[in-house]
Amino acid sequence: MTSDPAFSPDLTETIARARGDLRMGVPVVLRAPEGAALVMAAETLTEARLAAARGLARPVDLALTGRRATTLRARAYDGDIARVALPPDADLGWVQALADPADDLARPMKGPLETRREGSAELHRLALTLAKSARLLPAALVVPLGENAPPGGLTTIDAGLAAPHLSRLAPLEHVISARVPLKHAERARLHIFRPEDGSEEHYAVEIGKPDRDKPVLSRLHSACFTGDLLGSLKCDCGPQLNAALAQMGAEGEGVLLYLNQEGRGIGLANKMRAYALQDQGFDTVEANHRLGFEDDERDFRLGAQILARLGFGAVRLLTNNPAKIARMEGEGIVVTERVALKVGETRFNHHYLETKAKKSGHLL
Ligand SMILES: Nc1nc2c(ncn2[C@@H]2O[C@H](COP(=O)(O)OP(=O)(O)OP(=O)(O)O)[C@@H](O)[C@H]2O)c(=O)[nH]1
Ligand SMILES: [Zn+2]
């Protein structure tokens with residue numbers, strides 16, 4: 001056996017491993033100067049692990065976002081985070097009901113919920129960041145280890161190092177580019193970019209050979225499995241994707257970024273949870289909030305980074321979303337023109353588009 005540290009995972013790799021652990025239901029150890037804690041995602045928690053957490057005889061918290069706490073009428077003393085004390089008789093169903101709003105209307109009374117105000121919320125905040133980045137519901141059990149040694153074989157993260165690390169944008173590796181003739185543009189190339197943090201790859205479709213010294217017609221498209229692939233009438237994504245490529249094809253050049261930020265960054269499973277809430281009468285923004293997410297969890301720095309990597313510094317941006325323009329400019333990409341992209345309105349998405357205009361500032 002070699003003990004060469006080059007073989008050991010670094011911080012980025014350890015965090016990627018922790019994401020996988022949480023998705024599988026395996027606890028992760030977060031270490032801080034005030035003590036270590038075991039963290040488990042509420043979504044993948046089991047009865048056996050909940051019982052084991054109680055066996056440690058320490059006060060156990062369920063960390064929720066401030067958004068979820070508002071729906072549950074629980075006090076979030078840390079602003080963006082609420083630390084709900086696990087009652088002695090709480091079972092797995094209780095944890096899941098707090099984490100998942102699916103049955104909020106059928107079973108409205110979860111409380112009274114006791115939330116903590118003393119001590120630090122640092123590990124709770126990190127636990128929720130990890131759960132979100134694993135595309136799980138943002139709810140996690142936080143079990144202080146106290147004098148107990150962490151169980152063997154668990155991924156261990158230094159919280160002080162991980163928090164700033166998670167807020168930075170992972171560098172992208174350009175993997176490969178190749179020609180893909182498209183219906184709308186025979187001269188097209190697909191570029192694949194892979195984030196160094198082990199998260200999903202993103203794609204750039206380059207139409208023609210745009211001059212890098214001029215503003216390029218560009219679209220930052222966020223993945224929408226239901227709209228892009230299934231032809232869902234519940235949103236306008238499919239027609240927007242098609243129309244953007246058609247316009248680039250007609251002009252002979254352009255660049256479309258296909259960012260794998262499904263569901264405005266919450267992942268497809270959570271987007272379907274949001275759709276189920278919309279079936280109960282909530283709009284697209286309310287549904288995200290009830291789940292514990294912000295309206296939009298996407299990181300558009302990614303788009304700016306890919307444009308810069310391809311050599312573009314200025315764009316004519318196909319969008320109705322002013323936030324995308326602001327984010328591009330904030331990252332040093334000049335937006336010389338907004339090109340409106342109004343297609344695909346149906347009787348099923350009329351309310352969705354209206355909500356985006358009213359609540360998220362989209363231009364009509
Ligand atoms: N969470 C959530 N995501 C949704 C919903 N409907 C569509 N989406 C996602 O929203 C994103 C739409 O992205 P875009 O069309 O690129 O962005 P946009 O903010 O609407 O801006 P423009 O289309 O550029 O005007 C996709 O990732 C979809 O999967 C919804 O009801 N809830
Ligand atoms: Zn869509």
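Cβ coordinates come from backbone N, Cα and C, glycine included.
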Of Gln96, Gln240, residue recorded by TrEMBL at the GTP site of Arg219, Leu220, His221, Ser222, Ala223, Glu262, Gly263, Arg264, Thr284, Thr319, Lys324: Gln240
Neighbours of Cys224, Cys235, Cys237 excl. site residues, C-beta within 8 Å of centre, Zn(2+): Ser222, Thr226, Gly227, Asp228, Ser232, Lys234, Asp236, Gly238, Gln240
Cα proximity to Arg219 (GTP binding site), best match among recorded positions Cys235, Cys237, Asp296, Arg298: Cys237
Spatial neighbours, same chain, of Asp296 (active site, proton acceptor) - Cβ under 8 Å, 6+ residues apart: Arg264, Gly265, Ala323, Ser360
Count of other CB atoms lying within 10 Å of the CB belonging to Cys224 (Zn(2+) binding site): 23
DSSP three-state assignment (helix, strand or coil) for His221 (GTP binding site): strand
Spatial neighbours of Cys224 (Zn(2+) binding site), counting only the recorded positions Glu262, Arg298, Thr319 and Cα distances within 10 Å: Glu262
